[in-house]
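*Asks:* Just dropping this structure here.
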Amino acid sequence: MIDLKFLRDNPDVVRTSQITRGEDPALVDELLSADEARRQAIQVADELRSEQKAFGKKIGQASPEDRPALLEGSNELKAKVKEAEAAQETAEQRVHDLQMKLSNVVEGAPAGGEDDFVVLEHVGEPRTFDFEPKDHLELGESLGLIDMKRGTKVSGARFYYLTGDGAMLQLGMLTLAAQKATAAGFTMMIPPVLVRPEIMAGTGFLGDHSEEIYYLERDDMYLVGTSEVALAGYHKDEIIDLNNGPVKYAGWSSCFRREAGSYGKDTRGILRVHQFDKVEMFVYCKPEEAEEQHRRLLEMEKDMLAAVEVPYRIIDVAGGDLGASAARKFDTEAWVPTQGTYRELTSTSNCTTFQGRRLQTRYRDENGKPQIAATLNGTLATTRWLVAILENNQQADGSVIVPEALRPFVGKDVLEPVK
């Protein structure tokens, strides 16, 4: 939710942002018009309440013979106040509804859609194989790491089991991420995976992509697609202390996505699935600190990717590919040899005050006045990483070398095919 004062003062900036996102700039003018109507409705209601108060004093001072006529006038005024307050409530709800439709203001992201990102950096060189590399599923099955057939039997398409060393590899990766997060000052959390509608809406996930979210109608609850949602809701309607710097959490949770718009895409293996595990970083900070915190989250992701030894690139995501809450987003994408392309492993987003305003998460400034906090998020490890780890570290004999940083968790240097 964007600041109405910012909208009034900078309507062209918000219109340009809408165009950059590929969204309707007319929504800006619709909201400005609704905001003006709301302000007029407030003024009318305030004036009538003031008149009603003055009229009440007049009745109290009136003589007995004048009071009946004045009481009749008071009843008429009371009806007008009630009508004006109803009009004010309607006008305020209209503004709120339009505010909830308007995406965050893009800050520095390139224009365009999904394919218009800008590559900021390449790290590591894609490996040249002197044998025909296997894809992650073939490797996962031959090494006894992934069981898609039984996952499908038990739960349907896009479900799987991680078995044996596959389970240990993921647990090791996520544990390493948790260790790195706590060493960097993040408080680890295992948050709920079911949240109320107001929390899901507060994070900006109930817009155009709400079909991606699992909804439990009987309980009126949503399954999270990222622990960002529960971590953002943690301080809803609170004033938090940011005097000693940003408040930082890292959530370890299972995540659930319907993949409603992905029919036929990535149907093989665990690249695009309905359930996966993830360690997600989440930061609350003062708005002026958000850009620096965004850079730090990206550095955390780079450090973790270096530990798992995969070549990757960093992209500046285009405005048309941003989620509603993000003002800017950087993705890291790892090289997947059998696909001959880079695939997303992490995202880190600067959501400025968009989520904080929706969830009413505030801090006190140097004058003690409550202000809206900024929020940021970033992936530190997730199930999908196994794809890049397996494919980039495979050997001609079908084995996979375990990245050195993960060996203490897996208990092996090399994963051998199951005989």
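From the backbone N, Cα and C atoms, a Cβ is placed for every residue, glycine too.
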*Asks:* Given that Swiss-Prot annotates THR226, SER227, GLU228, THR379 as binding L-serine, state which candidate in GLU280, GLU288, GLU333 belongs to that site as well.
*Replies:* GLU280
*Asks:* The ATP site in Swiss-Prot lists ARG257, ARG258, GLU259, GLU344, LEU345, THR346, SER347. Which one of VAL247, VAL273 belongs there according to the record?
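*Replies:* Record source Swiss-Prot; matching candidate: VAL273.
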*Asks:* Neighbourhood of the L-serine site (THR226, SER227, GLU228, GLU280, THR379): other residues with Cβ within 8 Å of the Cβ centroid, in order?
*Replies:* VAL229, LEU231, GLY251, SER253, CYS255, LYS278, VAL279, MET281, PHE282, ASN377
*Asks:* Identify, in sequence order, the residues in the chain of GLU280 (L-serine binding site) that are 6 or more apart from it along the sequence and have a CB within less than 8 Å of its CB; answer 'none' if there are none.
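*Replies:* Set apart from GLU280 (L-serine binding site) by at least 6 residues yet with Cβ under 8 Å, we have THR226, SER227, GLU228, LEU231, ALA250, GLY251, SER253, ASN377, GLY378, THR379, LEU380.
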*Asks:* Would you identify the secondary structure of SER347 (ATP binding site) according to DSSP, in three states?
*Replies:* strand
*Asks:* Which value in Å gives the longest Cα to Cα span across the ATP site residues ARG257, ARG258, GLU259, VAL273, GLU344, LEU345, THR346, SER347 as recorded?
*Replies:* 19
